[in-house]
Structure formats: C-alpha cells, structure tokens
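*Asks:* Here it is, the structure in full.
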Amino acid sequence: MTLPSVSSAPSADGVWHNCHLLPDADPAHAIRDAALVVEHGRIAWLGATADLPDAYRGAARHDAHGAWITPGLVDCHTHLVYGGQRADEFAMRLAGAGYEEIARAGGGIVSTVRATRAADEDTLFAQAAARLQPLLAEGVTAIEIKSGYGLSLEAERKQLRVARRLGEHFGISVYTTFLGAHALPPEYAGRADDYIDLVCNTMLPALAGEGLVDAVDAFCESIGFSIAQTGRVFEAAARHGVRVKLHAEQLSNLGGAALAARHRALSADHLEHLDEAGVAAMAEAGTVAVLLPGAYYFLRDTNLPPIALLRQYGVPMAISTDHNPGTSPVTSLLLMMNMACTLFRLTVPEALAGVTVHAARALGASDRHGRLEAGRVADFALWRIDSPAELAYWFGRNPVATVVRQGRVHAHEGASA
C-alpha cells in the first residue's frame, strides 16, 4: 500500500462527531458520546457532544461512525533509515551462530554500514518510506529516527537528511537522533578513542550546526562503547545544547542508565540488565525507560527489564519498535504493545501510556504529542474498536479507520471520514 504525501491529503478541519475520546492513556478520562473540533489544523475543542459550543454547530462534519479517537501514537526509538537487510544473518543465528561468528562472516552491523554507505539518498528514502508506511497506517504520528549506520560524517549526514525528508513528505513529526557512537567503523578498528574524537569534534558539531540533530545517543556496552567514551559523547552534546538518550543495560550492566541519569537524559533504552541503583537514578533524573520487546523477542532473551522496580520508583515506561535490520525488523507498534503486555507484563493502561504520553516524554515532546488537548496540532487516530484495551489485545490485526496527521486526513481501507 502506498500512502499519499501530505500535500494530497484533505484538511481535518471541522467537527468530528459520533465518537468516543481517550484524551490520554487514563481510562478514567475517557469521554463517551463525544466530539472533537479541528480549526486551522489544530484541536480547538473536545468534550461531550452535548457540550459542543454553539459556535461550532455549523462547521463541517466528520462522522466517526462510533470510532474511538486516541492521540496519535509515538514510536520513540527506531533505526528506520539504512541500506539493505540481514535475513541471511537471521538464518545463521537460528542455526546457532553467535555474534562474533556472524561478524567474521561479514555480517552484523558492519554489513549494514557497507550497504548504507553505498546507497544514495533517494535509495535510502525509498527503502525507509516502505518501512514507515505500516507504522503510519497504525496511527503513528510522531517518530524518532536514529543515524548510526553511516559512521562517517558524510554517511551520517545522509541518514539524517533522509529522516528529515520523510517527515516533510509524509507530514509526520520526525525527531532525529545522532547515533555516531553506535559501533566502531572498520577503518577505526582498535582505535575506539580516536573514533570518539571524530564523533565529538567533527561529526556532532557539523551535523548539529546544520540543524539535523534533535538528540544524541550512544551504544554503551562491552561490544560498543565504554562508560568513559559515552560520557565524552554526552559532554560534547551538552556543549551544543542537545539532549541525550542511551542504549543501556541491554546485554550487561555497565552502569549506563546511571550515567544517562547524571546527564539528565531524555531516556535510557533496552534495560534488560538494569539494577535498582540505575532505576533509582533514572527516577531522580526524570529519565524515561524505553522498553523494546521486539529486540527481546528476536534475540530470544531471557532477562526481563525490572518492571516491578520501575513501577515502584515511578519511572515512566515507554514502548517502541526499535526497528532495525539486525535485532528488531518489525514495523508494528501495536504488536509491540501486545508484546509489552504478554512478555513484560505491562498493564493495558501502561501500554497505552507507553506509546503516547510516555513516548512523547522520551522525545522531549510532551507539549506536542501524546495527548488530545485544545491548542495542539491535530494528530489523532480513529479506531474501529469497542474499547481502547483492544489496541494491546489484538496482534496481526490493525483496527485503525482513519489517521489525522498535522491536521490532514489519511483514510485507510474500510474507513470513511
């Protein structure tokens, strides 16, 4: 299915009626027999139909046919722009090959780096657009896209430019994250500190100066970068006034989450090996825990993130696809909601918050996404469901009817707006 570009989508202005509203993730805030008004691409009013102000009663009408309307979903951790795919590596892993064996055979992240460097921007755009479209069709209206498969200034710039282009073409809010400290490129083998010099002193200043960087991330693991090296990246980000995020505690506990908290990171992501000290540090700093059940499932991990501790300390939990070619080649945020409930034992309200209010917070965008509020840009989704709990209940089914992104209507099969 090819989704139209934003320029061809009709305006959502008018009164959306015959609907039920879930303004945020709290079921107690649900409004039945509701209406929502859009003016000039922004939400002007929402509430019970009986309370609709007289000023709007003559406006254009959009019959929701009994649908539930929620905020647009937010996918807050993706690696959507890259060249090629790694299905052969998947087959090797199923046959028992480990990370090092796959790397020696020319696979792993280096294979994606080669493909990404070789592809031009138009090719990367076409491939990423195909990956993005299923997410758009599931009601995603804001997405984070990381670099990290270029590992050179030119190739990282190319990834980030494509990410910006996706946002412009599809009318979706794209938040770009510079992940230059993702892996060591082949030309820097054995010289990790020299590569971090390049990331901090050349790549980041150039890309931030070009307006391509909304946040900075790093892969802090024994097979990635050390606490000291990650700290250098975060210090460089601070010099450029850019917030940070971190891949932390996925494979081991190096203390990455605590480091992220010291730098007031927006989020720490993965967290399968997070301990109580790290949880406490995140709680104090207000750092969001981004859970990535797709990678957990794909890697057949057995170490669960400490959900009970995250709840106990009040750490907000977001959920994301972590779309990437090596460990989470998934393009369904709804499936990740189901997996977060079934694998990580999140409640349905936690899952709903994880793809709305908490995901928006993980992007530093709580004022723009994750809630239905008057004054905000009209980003919302209409669902053919009897209860919002169905969004986490179904898997392999997309109950979306219509998606409104940036004040424009994108209708899907079976929908009428």
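Just so it is clear, glycine is given a Cβ too, placed from its N, Cα and C backbone atoms.
Just so it is clear, the model here is predicted, and its values are computed rather than measured.
If you look up Swiss-Prot, you'll see H77, H79, H247, D322 marked as Fe(3+) binding site, on the strength of sequence analysis. Positions annotated as Zn(2+) binding site by Swiss-Prot, on the basis of sequence analysis: H77, H79, H247, D322. Annotation comment: Swiss-Prot describes R86, Y149, H182, Q250, T327 as 4-imidazolone-5-propanoate binding site. According to Swiss-Prot, the feature N-formimidoyl-L-glutamate binding site maps to Y149, N324, G326.
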*Asks:* Are there any residues at least 6 positions away along the chain from N324 (N-formimidoyl-L-glutamate binding site) with a Cβ closer than 8 Å to its Cβ? List them or say none.
*Replies:* T78, H79, Y82, A295
*Asks:* Do any of H77, H247, D322, G326 (binding-site residues) have a CA within 10 A of H182 (4-imidazolone-5-propanoate binding site), and if so which?
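*Replies:* Those near H182 (4-imidazolone-5-propanoate binding site) - Cα within 10 Å - are H247, in sequence order.
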*Asks:* Between R86 (4-imidazolone-5-propanoate binding site) and G326 (N-formimidoyl-L-glutamate binding site), how many Å separate their Cα atoms?
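*Replies:* The Cα atom of R86 (4-imidazolone-5-propanoate binding site) is 6 Å away from the Cα atom of G326 (N-formimidoyl-L-glutamate binding site).
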*Asks:* When you rank H77, H247, D322, G326 by Cα distance to Y149 (4-imidazolone-5-propanoate binding site), which of the binding-site residues ends up on top as the closest?
*Replies:* G326
*Asks:* So for H79 (Fe(3+) binding site), how many other CB atoms are inside 10 Å of its CB?
*Replies:* 25
*Asks:* Tell me the coarse DSSP state (helix, strand, coil) of G326 (N-formimidoyl-L-glutamate binding site).
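*Replies:* The three-state answer is coil.
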*Asks:* Just to confirm: which same-chain residues, 6+ apart in sequence, have a Cβ under 8 Å from the Cβ of D322 (Fe(3+) binding site)?
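*Replies:* Residues satisfying the criterion: H77, T78, H79, D269, L292, G294, A295, S328, V330.
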